[in-house]
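TrEMBL lists 238 with the feature active site, nucleophile. Annotation source TrEMBL lists substrate binding site at 191, 217, 238, 326. Among the features that TrEMBL reports, compositional bias 'Basic residues' is placed at 836-846. Summarising the annotation, TrEMBL assigns domain 'Ubiquitin-like' to 495-561.
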């Protein structure tokens, strides 16, 4: 962890501070080894981006890695720091691991700010990072969090969470699985590191090719002591690491393998002996390699092989951290052999590796092995050590015999020159043989050189943040006794900045200027200094005025007004788009309107409307005929009829008394189509677009009867083809070979509409429509709303649609149900007899002449109602009151259906009225009662025989009140 370079100059110091980039120390470039695609695990994506935590735009400070494999085959594990002051991301990641039961699939990390000792706000920010990344896992929904979090950088400062969340959203578009994507992720890990630390390899586990990639970071504050999450063991750099593999392994086995590997790798290194608050090593396995699942109990051999390969891989990564240690000039291996237990061997190696005396002797290339024995002698062991069995040696790199310094407690005549040669190398190995058992352990460390800038950084940082630490730590108090008394101008101030309801605490020295304060504010809020307006009590000054002279005191509350660069960019983009559209409209207004070129050439075809007939007795019949003619000659409608070979015998309007609840009616699969083209006032007409949409619906009934999925699919296809044809004309284009231009569905066209908004500088961000949801969310919302509207319109048409099916129609008729209950109010009939002319006119309406062409004639012949029974003659006299009870059974059924007897009405009339109002036998308009009975019989609808007997009597064939249904002649 580190501080910005300006922190070093506050006390008049000038120290070199390394900046994170790809390779900042050329001497370390040899440790950077290229990775290859065939070694990278399958079904992982990763990236690294700059989100603004670090000032330099070329430095990456945010990384993501996600598994795209199913949740069921994903496993995760982690080891966390055991430091008492665990950082917020450590706490959140442990909770994610516990809640997901080892099924976490993603990692988000930031560098530049550790989010450590940041209280409740730090926890909230870490959870926000986790949840924002969870939204990118779109393949499956899960009830538990799936993203773990890492942070590294400065302690005691809150994250610029707005920048990070925006960075996560933008980083989602740059995710990938190539070596470059993984290298960018490794660079996002870096803080004071001088090179990215990444390795990848493929290993064979029981015949399965398993790939693994590893990334870690660390150069200072390195002395890890990590373990599993608190739910399993008590919790130890800043060392962060990721191990991602496509191996198929159970969560518990992955955790045990990782714990074993970490203890022998990352927990076996030390640079400066300081344990971090953020140390975390995370392992992700997605099972994409396939094969048998590795399990510690079911497949112990495969588990041991995987654990050992993971350990070797982790050791290589851990060693890279030591090689990049701050101020280090040597890489030192401390090997302990002959211990009674691994724990004893590890404890001895750790003590020797962290001994300041040993490390400074190595830097001075002094073979003072007494310091090694002194460190060994103070280690608490499980059994007392026997000094007479201890041996110490220096191991040369050339493979020659070790240089014996102490053998079985006896000092050896040391070759000073050879000792000097061995420890003057960059890589040095110290071998200690304890003579107590067979266990061994290795530890890797470095020397102590002159430059230890990290220690100075820590003192400066704690001094400048004393007040902040006191508030965060509660009972903990930190006191400094400086040898040099700070001047009044160096008093640290803590200012409380409020921006858009969010509080930001900024630590700054009283001697710094307002310009420096604006820079701090920019880092926290992303509001550029030129857009900032600070409101606080006290006198103001220019940007060069010191904080102490600008009316600011320790604890001052400041209100910030201003807009971020993103807000301003969106505002400018919106204004530019508005100007562009205004200019386009202006230019269109100046141009002469160009006529649309219509390449449609009417041709005489059998696939058309053969006859048009308005209702002449209604007002403005010529207008009705004009509307019907327009529909029949509509190029798009005719285009659809040609494509699907539709032929309609008669196109007419639906009379006001015919099914008032219907908008259209298709009789006998195209024999006649009736449309409600008039408004309720009869002298007005409905919109052409609405009538045409109903016409498309009724044309669909030429093929399908019921409103099932087949019907809806064809109906949608017809509407698309109509829209596509019209769009071709609107674009003034035509195509060869009958092909049409590309079609843009109505829903998609609406979704591309522009949502406007306004902007107020300093008063908030862009309008709610632009800030509260992304473009994809707006598009989805509009699509859903438009689709819902169209579905409602189509449902309305279906509800207001009737269909008369011929014999053999593919639509399945409904079964007759005598339990259907009908309520009606008797209507007084006109006492005067209906004129024969009106009767003949009604018959002409209900009878459709077949088309003149052969194809339509053949269709019509198949749809003709068998009228042979109409020739039956009888001289039976009809008793309309049925005094002898001839129709007693049927009359009883009609009484059950209506629940009452119509007043002053003969039984026969009541039975016929019930027959008319029973829709189980099909529509009753446009034909006589006998014709309706015969059609229902032909369709297998089982109409009552009593009705046929009544209608075949002399009165039934001659009395208009018996011949025609109840609605006949009501509207004239």
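Note: Cβ is positioned from N, Cα and C throughout, glycine not excepted.
Projection of TrEMBL feature records onto the structure.
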residue: 191; record: substrate binding site; CB count, 10 Å: 25
residue: 217; record: substrate binding site; CB count, 10 Å: 30
residue: 326; record: substrate binding site; CB count, 10 Å: 24
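When averaged over the domain 'Ubiquitin-like' (495-561), pLDDT in the model lands at 85.
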